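Q: Questions regarding the structure given below will be posed in turn.
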Ligand SMILES: NC(=O)c1ccc(NCc2ccccc2)nc1
């Protein structure tokens, strides 16, 4: 997986991409990440990357030329899928993460202020993605979310797992609760089934817990989840109204 990031704050990415699984994956060549400083593509004397909006109004807008030059440079080196991070984008889900992983090469455009000139958005952006319905200072944090979520799907990045597929959201349900030592914490015990060593019982307990948790906290996910007849039976017992 290759990522190119266009930003006016390259220093923003120094530490988050130098720790943990991402750092290891970069070292092992499983993923490559290049940061492009938008200012390097502003050839005027003042290296202007933004300017006031035509028609008036608050704030600044990213000028089209520097963005165009940065995008063209990356296009000269490969075939990137160009993603613009903004509150106006389609909201990121695990399904979209998988789509982005299939692209193998992402060019992430991090806007700030009021965003980028519409002529870039309209003619040179392949996809516009939001990490949620809220506004932050810049697209950089959204770019990090995408890099982490997509990189977890790159084989070898996530440690020995039967499969990332089994994860929460991959089956469309929330994950079951987790416990670790000590067995007794302030008088709070670990569910005895988890100490039983009976793997069939444990798996059934975990599935029931996933269904219970999802029904309680995110019933909206149940419509899209792949549910077995046994799942539906459990959900009905838990009071799920399937067609409500
Ligand atoms: N919800 C998100 O993914 C998101 C992305 C960026 C952002 N702020 C920077 C910006 C503001 C306006 C236009 C373009 C970028 N805030 C939230």
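Including glycine, each Cβ sits where the backbone N, Cα and C put it.
In TrEMBL, annotation is done automatically, which means it is predicted and not curated.
Feature annotation from TrEMBL assigns domain 'tRNA methyltransferase TRMD/TRM10-type' to 1-224. Sequence annotations record features per position, and here TrEMBL assigns S-adenosyl-L-methionine binding site to 111, 131, 132, 133, 134, 135, 136.
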Q: When the number of other CB atoms within 10 A of each residue's CB is tallied over all shown chains, which of the binding-site residues 111, 132 has the maximum?
A: 111
Q: So which one is it: of the binding-site residues 131, 135, 136, which has the fewest other Cβ atoms within 10 Å?
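A: Among the binding-site residues 131, 135, 136, the sparsest Cβ neighbourhood within 10 Å belongs to 135.
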Q: Ligand 1 is in the model; which of the binding-site residues 131, 132, 133, 135 have a C-beta less than 6 angstroms from one of its atoms?
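A: By the Cβ criterion, which requires under 6 Å to ligand 1, the hits are 131, 132, 135.
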Q: State the count of C-beta atoms found within 10 angstroms of the C-beta of residue 133 (S-adenosyl-L-methionine binding site), not counting that atom itself.
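A: Summing over all protein chains shown, residue 133 (S-adenosyl-L-methionine binding site) has 7 other Cβ atoms within 10 Å.
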Q: Tally every other Cβ atom lying within 10 Å of the Cβ atom of residue 134 (S-adenosyl-L-methionine binding site).
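A: Other Cβ atoms within 10 Å of residue 134 (S-adenosyl-L-methionine binding site): 7.
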